[in-house]
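Student: Handing you a structure now.
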Amino acid sequence: MILGLIPLLLLAAVVATAVLAVQRRGGSPQLTGNSVRQFFQYLILAGLLFAAGSGLTGLLGRLLDAAVDPEAALAWDDSLLALYLTFTVIALPLWGALAWWTRRRHRTDPREGRAALWTAYLTLVPVVSLLVVLSGWQATAVSLLHGPWRPGGLVQVLVWLAIWWLHRRWGQLSTAPGQLGLERLLGTFITLVAAAAGLVIVVGAALRELLGLTGTSMILTTVPEILQGVALLIGGGAFWVVYWLRDLARKPRDTGWLALVLLAGVGASLVAAVTAGSLLLWRLLIWLVGDPDAISAREHFLTAPAHLATIIVGILVWWYHQEVLAARRAAPRDEVRRVYEYLLSTVGLGAASAGVVMVLVTLVQALSAGTDLVVGGSPVNALLGALVLLGVGLPLWWWHWRLVQQARAQDPTTEVASPTRRFYRLVLFGLMGLAAVIALLTLVYFLLEDGLAGQLDAETLRRTRFAIGVLVTASLLSAYHWTVFRSDRGLVPEVRTGSSAAEGQASDRGDRRVLLVGAEGPDIVAELARRTGSRAQLVVRADDGAAPWSVDALVQAVDAAPAGDLVVVAGTDGLQVLPVRR
């Protein structure tokens, strides 16, 4: 139990570091005596809470277990019972006293509620509580369906659900709007994964029954699995509704929001669907024209329902999140749309690259006259897998890369200067360079090892097959994207020559910072940075006196202002530009 607190403390350190990094980037004060006091205060508060929650869960669970099965009390571990009692009797009152003092201090000093470490505490506790609740909910479902019934899981759900609700409520009362954005993002991601996993279990079990791949008794096999998946779907889905539909879906689409939707909602779901589809198609081709190792079709396609379910759920999640972004795609092209297209093209490129590697590996394997291409596989099966990856990855990459290149042809100045395109090129060259270096080192090592031993033969070629495949593929990808880079770089002089006087002045003011105060405008910061070269930040007004942003008027106001940092306030009577000092 005590060792189990170590991961929680590590998670606390990670969350605190992330929150402090965000706060520091926003210009928060440096370390003070208050910060040191807050660090230990909230660390102790979290440690006492986790100990009290664990003790209360264990103690109540054992009492209810004894009520359900009196003989269960005979098997109690006295040392564990003593630990539960200690955590309940000592840690719970101490946490209550420290929480009361913390709440009182927040009332007397509102700055305490805006502290980064308080944000870290209110991020860590609900996230951990959420994970424990979902774990207990699933344990309760398993206990009910498979027996014997033990109420410990239900107690875990109730205790930690109370902790989760209490801290959510505490956060609403003591923090500013948007301060707990990281907790909302993590909660949405966790619950989305849980709900999707539950839906995969339900659909997979139903498909297994429809395809006749279950045992003789549907009651003993399919129904319990479906109910277990339904339980996870209900548990994760209920929290997802709270985190996403009631909260984040209505919030401004800032960087964290877009990262969640693009990376988790669009990217991860598409990767899951593509992976499952590739595996399913590969198994089908092996059965038709390959070298199957299974005796019967039922044994060979035993995992097919799970793959089909993953495809269905992955496409469903992808479709929902890309529909969330549909309104932005209808608007003029911006960085969100670029990230979406580059992300999907990267997924396709990754699958196609793996296919090219496997084709090369198969060819080298054939030259070396070996049979153990992959453990338990054959060259034919590996070649089929490579063809599947190419068949799935190439169309996905080609479609979205075509959209990217069309946008570049229509507006080369904007597209080439896009940070998304530059980031894509840099990351791609970095990954390809790293892969090529590792493959080259591996290749040379095997050659030297066998050469020094006087054993340079077909076996050496077989050992180097993956290194050769990775090295050649990385070289091909780097060569193609190098031509893209050279073509982009050739446009840079034209961009600089054709720029307006205002853009030239903006380049001289690249170090200018502009704080925008007004209504919500998801694209206003990026557009101002692109057209003036300034580093901008938007703060949304809490009153009703903010007028909608006009990009042209804002750019004119910034260009007309003297050199230096600015604060631009958008009101009903227009823009007010205030020069400030750092």
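Glycine too: its Cβ is placed from the backbone N, Cα and C atoms.
Note that the structure is a prediction, hence the values are computed from the model and not measured.
Grabbed the feature section from TrEMBL, which reads as follows:
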type	residues	note
DOMAIN	39-147	domain 'DUF5671'
DOMAIN	338-475	domain 'DUF5671'
TRANSMEM	6-22	transmembrane segment
TRANSMEM	42-61	transmembrane segment
TRANSMEM	115-137	transmembrane segment
TRANSMEM	149-166	transmembrane segment
TRANSMEM	186-206	transmembrane segment
TRANSMEM	226-245	transmembrane segment
TRANSMEM	257-282	transmembrane segment
TRANSMEM	302-321	transmembrane segment
TRANSMEM	342-368	transmembrane segment
TRANSMEM	380-399	transmembrane segment
TRANSMEM	426-446	transmembrane segment
TRANSMEM	466-485	transmembrane segment
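Show me how these features fit into the structure around them.
Tutor: DSSP labels the residues of the domain 'DUF5671' (39-147) in these numbers: 103 helix, 0 strand, 6 coil.
Beyond the transmembrane segment (42-61), the same-chain residues lying 6 or more positions past its ends with a Cβ under 8 Å from any Cβ of the stretch are 1, 4-5, 8-9, 12, 80-81, 83-88, 91-92, 94-95, 98-99, 102, 117-118, 120-121, 124-125, 128-129, 132, 150-152, 155-156, 159-160, 163.
With a cut-off of 8 Å between Cβ atoms, the residues of this chain six or more beyond the transmembrane segment (226-245) that come close are 130, 133-134, 137-138, 140-142, 145, 184, 187-188, 190-202, 204-206.
Within the same chain, residues 185, 188-189, 192, 196, 248, 251, 303-304, 306-308, 310-311, 313-315, 317-318, 320-322, 324-325, 336, 339-340, 343-344, 347, 351, 381, 384-385, 388-389, 391-393, 396 sit at least 6 positions outside the transmembrane segment (257-282) and bring their C-beta atoms closer than 8 Å to a C-beta of that stretch.
Sequence-distant contacts of the transmembrane segment (302-321) (same chain, at least 6 residues past either end, Cβ-Cβ under 8 Å): 192, 196, 199-205, 207-208, 211, 213, 261-262, 265-266, 269-270, 272-277, 279-280, 283.
Cβ atoms under 8 Å from those of the transmembrane segment (342-368) belong to residues 262-263, 266-267, 270-271, 274, 278, 379, 382-383, 385-401, 404, 420-421, 424, 458-459, 461-462, 464-466, 468-470, 472-473, 476-477 of the same chain, restricted to positions at least 6 beyond its ends.
Sequence-distant neighbours of the transmembrane segment (380-399) (same chain, 6+ residues past either end, Cβ-Cβ under 8 Å): 274, 277-278, 281-282, 285-286, 289-291, 344-345, 347-359, 361-362, 365, 373-374.
Remote same-chain residues near the transmembrane segment (426-446) are listed as 460, 463-464, 466-468, 470-471, 474-475, 477-478, 481, 485 (criterion: CB distance under 8 Å, separation of at least six residues from the stretch ends).
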Student: How does the model score the domain 'DUF5671' (338-475) in terms of mean pLDDT?
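Tutor: A mean pLDDT of 87 is what the predicted model shows over the domain 'DUF5671' (338-475).
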